[in-house]
Amino acid sequence: LPSLRVDLRRVSRLSGLFVLVLFGLYLFLPVHDTQPDPNISTNLQLPLDVELCNSHVTTRQPFVSHRHHPHRLALLIPFRERFTELQQFLVHLERFLNNQNVIHTFYVLNQVDNLRFNRAALLNVGAVESNKAETEGILVDYFSTHGRGLSWNVQRICLPRTDYLALHDVDLLPLDPEISYTWPSDDGIRHLIPAQLHPRYYWFKNYFGGAVLITRARFLQINGMSNSFWGWGSEDDEFRLRILRSGLNISTPSNVSSGINAFRSIHNEARHARDRRTYYHPEVRRLLRTLSGGLDSVNYTVDTRQLLTVNGIPVVFFNVRLQCNMNPEICGSL
């Protein structure tokens, strides 16, 4: 009988330890493994300086203090299967922007459907969804403490307001400190990487891709970008025409002496070849004359909205499913 009591005590201690281990593992499980609501974040942390919607402000600010900065930049990053580039981009841009004292939020527009990549449509989605996240909020479910206990706490979190956008490729890194990401004054549009600064497209005089700063007001005024360019190229040419036909001016960086060394391209053509199959399609060429569609006609659904950290950097991910708006031959299928 004494030996039986010892065994029972040992079993009791082991059982208690087992329960504690299980509970500890449970705390670190994703909050919503099977959560169908795309408004719920799957992250337990609140890494951005956020506020509870329709309530008093509670902030967290891991970036540069914004007491004396009236503007905040939203970086919209169209994305699909470029995780290596994304990590490099975020680390580099975080440091570059902080050095310029530019308050910012990263938004990654991850295309998860089986259609051809559509950079412009993703940027339209980014403009719409980031504005929603900053005004209507994102539902975040996380543990909070009440007294001595833990409980679930679902809150609608409003992200910090931004008033201008960076339409930015994930494979371009600014190197020259004279490339300014600050508020674009004058007409509110600044092309950060014109042809003479691009390491690859320096020969293309009217190049207008890569990285463009534009105020939210101007982006809304010109109805964003066309949703009809599937695959690589031409959407930036159409965007440039929209701006010019609206009577607006485009500024470019001044006092940049580094030339084609102002940016570094980290695109790997061998690993990720450009999809140029639709570039010369007659229907695509016609789009450069019609300048149709835009923010008011982008057709999509968002599978999930997530607040995450990548290499310790706060990032908002929108997993986006676009809808084909052209001949299926143009939209394609992976």
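Cβ coordinates are placed from backbone N, Cα and C, and glycine is handled just like the others.
The feature transmembrane segment is assigned by TrEMBL to 12-29. Annotation source TrEMBL lists domain 'Galactosyltransferase N-terminal' at 70-134. Look at TrEMBL and you will find 201-256 tagged as domain 'Galactosyltransferase C-terminal'.
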Per DSSP, what is the helix/strand/coil residue tally across the domain 'Galactosyltransferase N-terminal' (70-134)?
33 helix, 15 strand, 17 coil
DSSP helix, strand and coil counts for the domain 'Galactosyltransferase C-terminal' (201-256)?
17 helix, 6 strand, 33 coil
